[in-house]
Each structure stands twice: as C-alpha cells, then as structure tokens.
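As structure tokens, the structure follows; a few thoughts come after it.
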Amino acid sequence: MTRFLQLYRKVLLALGLVVAAGMEASARPATEVVREQTPPWQVGQGELALANRPVPLNPEARLQYGQRLLQQASRPARIHNQALGHRIIASAHQELRHYNRAVRHFRRALQLHRQLRNRQHVGVDLFYLGGALLSQGDTGQARQAYQAALQSFGQLQQATKAAQVQERLGNLYSQQGKWAQALASQARALQTWQHSHDSARVASTLTAIGNVYHQQRHFSRALFYLHQALQTAGKTDSIRQSESLAGMGRVYLTLGNDEAALNSFRRAVQLHPVAAAPVQQANLYQLLAATHDSLGHWAATEQTLLRSLPIARRGGSKAQLNVIYKSLASLYRRTGNYKQALEATTHFAELQDSLFADERSAQVAELRTRYETEKKEREIQLLTKDRQIQDAILRRQKLLRNALATGALLLLIIVAGLYRGRQQQQRINRLLERKNTAINRQKEELGRLNRTKDTLFSVISHDLRSPLSSLYALLNLLNMGALPPERLALHSARLTRGLNNTLLLLDNLLNWSAAQIRDDKIRPERLRLDVLTEEAVALLLADAERKGIQLLNQLPVPLQVRADINMVRLVLRNLLGNALKFTPEGGRVTVSAARQGAMWAIAIQDTGVGIPAAAHDKVFGQDGAFSTLGTAREKGTGLGLQLCKDFVERNGGQLSFISEQGQGTTFTFTLPAAVGSLTEIPAVRATEAAAAE
C-alpha cells in the first residue's frame, strides 16, 4: 500500500511537470538564488573573543564543552566561568539554529556579567545577543542590543569593537531598508578601520557600502565602492577580493550585463577559499549558475548547480538546498529531462516539508518561550508583592533605626563639644608657646645688637683714636712753626696713609653696622665685574707701588654678573686691601676668574705670608672680630672679611679661602652670571672714561 502511494505521488508530480513544461515554453525563467546571509555562528565569532580559552569549532563539541564548564562553575564564587559557559552554550545553539535557546543563554551570560559589573564582557554579550536575535528574526530587539553594545564599547573607548558593532548595525538597517542609517553606520566603521590601517576590514566595509547602494539601485556608486574594495583587498586577501567581485557581479546581473556578471562571478569562485563558509561558497555557485542560465548556457548551469549541491549539504542549510533543487527542477523541465526534473522536484518537496516542520517547531518553541515569559512575569508580580511587604517591614525598622541614630547623634554632639573645647585649649597653649619662642628670639636679637654696639664702640675708641691723635700732634707742630720741611713731608705722608686707613675703617664700620642693625636689602643688577675690579685696582695702586707689589687684573672682558654694585665694590676693596696688607715687598697679587655653570668664581691670589692653620676658624669672625698686623705693621678692624662673607652670601654666592703659612693665600668668591644684555652703570661708565683718559 505504501509503495502504491509513493508511485501515485510520483505520477502526479510527473503530470504536473508536463503541464508546467508547456506553460514555460514561451518564457526563459531565471534560476533562483538564496539571499546571502552571514551564517549564525560567524556573527561575531571571528570578531570578538568568545572566551579567554580555546573553544571547539564543532557546535556539538562546543555545546558539551560549555555544559562541562557550567557544571564545574556551579559555585557562586565562579560567576565569571558560569557566564562564559552560558556564552559558549549559546553560540553552539546558534550555529545549530536553536535560536530560542541561544537567546536564553546569551541573556543569562549578560545578566551574570552585569552582576559582576564587567563592562567589557557586557558589551561582548550584547553583541552576541544581537546576532542571535537577528537570526531569530527579531530585528527590533537585535537593534537595541547592538546599540547597547555600541554604548558600552564607546564608554570603554574600544574603537575597533565599536566599529564591528557599527558594521552589524549597518547590515541590520540594510535589511530593514533604512538606507541612510545603514550608510552612516558603515561609514563610521570605515573611518575606524582606515584609522587603524586594517585593509581587510576596510575592504569588507567598502563592499558592504557598495551592496547598500546596489539595493538602492544606485549602480554607479555601487560599482565605485566595490572597485575600491577590490583594490584595497590587494592580491593577498582572496576572500575580500571574492566578496567584492561577487557584489560587482550582482550589479552587472541587475543591469542585464550578463557577460560582465559572468566574468565577475567566475573570478569570485576562483578566488574564494575552499576552507571558507560553505553557505557563502554555495551562494557563489548559485549566482554563477543564474548568470549561465540568463545566457542560455544550460549545460554550464546544470554543472554549476550540481557542484553547489555537496557544498550546500556541508553547510547544512536546508533552505539553500531547497532553492538549488528547485532551480534544477526548473532547468530540467525547460530542457525536457523530465526524469531528473521529477527527481529534483521530489527532493524539493521533501525539503519543503522539512522546512515546514522546522518552521512549525520554531513556532512551537516561540509559543513555549512566550508562555515561560508570561509565567516569569507572574512570578515577578508575586515577588513584587512580597517586596512591598518587606518594604513595610523595612520602614518600621527604619523608624527605629532613625530614633537610635538621633540619640547617637546627640551623644556625638556632646563628645564633639568636649573635643572642641580640648582642641581650643591646645590651640591656646600652642599660641603661648609661639609667643614665648618669639620673645626668646627677640631677646637673642637684642643680645646680638648689644654685642654689635660694644664692638663698634671698642673699634672707635681704639682704632680711631690713634690717627686722630697723630693729626692733632702734627697740627700743634705746624702751629709752633718749629718743624723742618723734610720732617713735615715725612709726617704728612705718614698722616695721609693713616687717614686713608681711617677712611677705609669708617667705610667698613658703617657698612657692617648697617648690615647688622638694619639688615639692608640687596639691589641686584647687571654689572661688569671686570670694570669694577679695574676701579678697585686703581684705588689701591698707590699702596701697591709703595710696597713694590705687582697688582694684576686678569679678568676676561667683559665679565658680566648680577649683584649689588655697592656690596661688590666693598668686597673687592677689602679682599684686595687684605692681599696687599699681608704681601711683603716684591710680592704679587693676581685677580682671575673662571666660569662654573651659572656662576662666576673670582679668585684673589697673593704671595704673602699666609694664614696659620690655628687661625683658619677665626678668619670670618665667627667668635668675634679678628685682626692681625700687616707686613708693614698695617692695622685693621677685623670686620672686613666678616662683611665680605655676609655680602657675597646675600648676593647668592659663597666666599672661601685656601692658605698655607709662608705660601700665600687665595680668596675665592662666586657671583651669579648675568643673563641677557648688560645695562651699564653710570659709575662704571665714569670709571671707564677716567681710565681711557
């Protein structure tokens, strides 16, 4: 009975084919082609990492792997592994076309990663969820998932992943016929790929833009972008070349330029890698077959369709196999090969029944999903009521907590008041301590000023008395008129030297007193130290000649420093005066300079008697004024070197010396080098003019 029914069905199909052949004799039909879609497993798999570990490529093996991972991560501490397990299981279900299960597991992975606040994995889960929803046919929720993923990657500043989402959004908008939005998304993705110099991605995006223009029937623009994609792909990226050539073939096929379309499809088939996705490879053969059919190459059409059959079987797309068998049945009817037409139609009918059964299963699964969703919504409502009851309990607990908090706050205010009083008392104690410290400091300052006063009076009483007494005696002799001219000249010269020493003494005393008492501020300016040194040498040249000492100025010209001119003059006079004072007849005093970074180091070297080692610590007057007689019994106040050290340090330099008894002494002081042009000083210009005369 079963064989009879099968035979009866074949007879009916044959009769239908004969009738259909007669009706198609007047027209040449085109071979159908399955619309090229991205296989579900490839949506994101090659673009975003599925997990930080190797994952099997076979969907069944991947499903088992994900289930094992989920079982091993059942403890709450391994939430991240649970999320990855759900993601891997969802990807396997998506490739196996169990879209409802894929969506459910992707949502669970997304929920767990949101619980962990892992924003990067949240973006990846949203990307995968969008692909599963798109495969399920829910374009609205797919778009929302893609936009959420785009926002997540944008916040993380992951431009390349955001560009991948833009590509998927562009394909989604293209399917919905939203051409402007599709082109905008693809353009943003293209900008990112160009910036990152990813030629493969650039070529794919240009191909996608060309396909959008093709769907809009803007054929010239479509061909422009597809040609650009072909040039960008180069000779090494065969799969991108194949994609762009296939797009160009579709445009030519739409324009009716079958020869150009045939050439493009042939090149696309030749360049397409054998290891690429079977669905895409079978689509290329179907496009090539459709072009042969349009040109009337029926033998080539049959051969191409037969080559696409095993590839489509390997891809597992029943819809694609269905279309191929339908195209073969149509071709065999038109060529009069009714036996093969009957066989192809039989396969077509069986696949049609299978597709119908799959569609019914999908509808049943969708109804089941809706039922489970409504059930969960009812559970959510019950949970909401429970939460409202818990909220009422929490409000009562909150009132009690607020009362306790108020009491604790009052206690805290009392403690804070006590603490503040203690802090205020401590502040008063610290203030008194600071005032006592200030009083002690003032006391020490007054003691120092008293010592300065005593030193000043002591110097005046001892060192000024002798030259004034000499002057008084000479004046008495002059009044008496009993002094011979020779004696008068001798006493006048001696008195002149004494008065010069007295004037230098007064100058040092006044400067030292001002520095000690008023703490004068310095007035630094740009000046030429070589000119000031020449001025000091000119002032002391007479004393040097009197003692037969060579006084040499070897400073470079110009030597510019930044310092207080009056302080520098005093330092030079005192150091040169001391060098002459302690250098015997026939000696030499030399002034030289050397650059030390941002400073000038000026050295005043003499061949005098030197300073004993026991007196090194007393030279700068740390223990009070220190003075010794010169080689010609010259006297000093003991304040000159102390004043020089103070003035040099106030101008940002240092004063030091090297001396050995009987070997001479070298005093070295540093001053900051001047920056920029020199502003001449009137006193210096006057000195230069006098020297020139």
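From the backbone N, Cα and C atoms, a Cβ is placed for every residue, glycine too.
In TrEMBL this protein carries:
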- 1-20: signal peptide (SIGNAL)
- 203-236: repeat 'TPR' (REPEAT)
- 242-275: repeat 'TPR' (REPEAT)
- 399-419: transmembrane segment (TRANSMEM)
- 425-452: coiled coil (COILED)
Averaged pLDDT, computed only over the residues in the coiled coil (425-452): 85
For the repeat 'TPR' (242-275), the number of residues DSSP places in helix, strand and coil: 28 helix, 0 strand, 6 coil
Three-state composition of the repeat 'TPR' (203-236), taking helix and strand from DSSP: 28 helix, 0 strand, 6 coil
